[in-house]
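Annotated in TrEMBL:
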{"type": "ACT_SITE", "residues": "87", "note": "active site, proton donor"}
{"type": "BINDING", "residues": "74, 75, 76, 77, 78, 79, 80", "note": "substrate binding site"}
{"type": "BINDING", "residues": "85, 120, 123", "note": "Zn(2+) binding site"}
{"type": "DOMAIN", "residues": "27-162", "note": "domain 'CMP/dCMP-type deaminase'"}
Ligand SMILES: O=c1ccn([C@H]2C[C@H](O)[C@@H](CO)O2)c(=O)[nH]1
Ligand SMILES: [Zn+2]
């Protein structure tokens, strides 16, 4: 299932350096855009009828000749809150394939709207577990135009695994304080 590739066009100045857009080549940005638009077609959203597609671009491995992407789409449920967003479906898929922090070069999100849809708060936190704060999130509208923000911009002063003391520290502290759990 493929869409005619829409050309990604920024609607705001995007950071460009050495011919790269937020660190992505024109080819990588094109495939990030195409993949999240294609993924949108796989959404299960009979309740909201609001299709969302997400794509995760992996950092290239030394042996890879073409960009590698993992995709997801929103999956809803008759019990509405049980439904899952496209971003978490994509990231969950990546995680079970063994990817972790350091794997992800960029994230793409697309909808059928003229406007730009940014990941919800729950997805921002979910992504925070596995992405650097510098990771760019490209938000594409239905025409392939985009706005881009880093995860850190979308989730300032965030809480992440780095904040938690190690299990060893917690255990030791618990023992010192005479706590059981
Ligand atoms: O960034 C977003 C925002 C919403 N949705 C989904 C959740 C629900 O299925 C539908 C309407 O909120 O869109 C996503 O997948 N990603
Ligand atoms: Zn979400």
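Cβ from N, Cα, C; glycine included.
Location within the structure of each feature annotated in TrEMBL.
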residue : record                    : contacts (Cβ under 8 Å, 6+ apart)
74      : substrate binding site    : 43, 44, 45, 48, 50, 51, 52, 83, 84, 85, 86, 89
75      : substrate binding site    : 43, 44, 45, 83, 84, 89
76      : substrate binding site    : 44, 45, 46, 47, 48, 83
77      : substrate binding site    : 83
78      : substrate binding site    : 47
80      : substrate binding site    : 47
87      : active site, proton donor : 52, 54, 72, 107, 109, 119, 123, 126, 127
120     : Zn(2+) binding site       : 85
Neighbourhood of ligand 1 - binding-site residues from 78, 85, 120 with Cβ under 6 Å: 85, 120
Where residue 123 (Zn(2+) binding site) sits in the secondary structure, as DSSP reduces it to three classes: helix
Candidates near ligand 2 among the binding-site residues 74, 78, 85, 123, judged by a Cβ under 6 angstroms: 85, 123
Fewest Cβ neighbours within 10 Å, where candidates are the binding-site residues 79, 85, 123: 79
Cβ within 8 Å of the mean position of the Cβ atoms of 85, 120, 123: remaining residues of the chain near Zn(2+): 86, 87, 88, 119, 121, 122, 124, 126
Rounded mean pLDDT for the residues that make up the domain 'CMP/dCMP-type deaminase' (27-162): 97
Sorted by sequence, non-74, 75, 76, 77, 78, 79, 80 residues with Cβ within 8 Å of centre, substrate: 44, 47, 81, 82, 83, 84
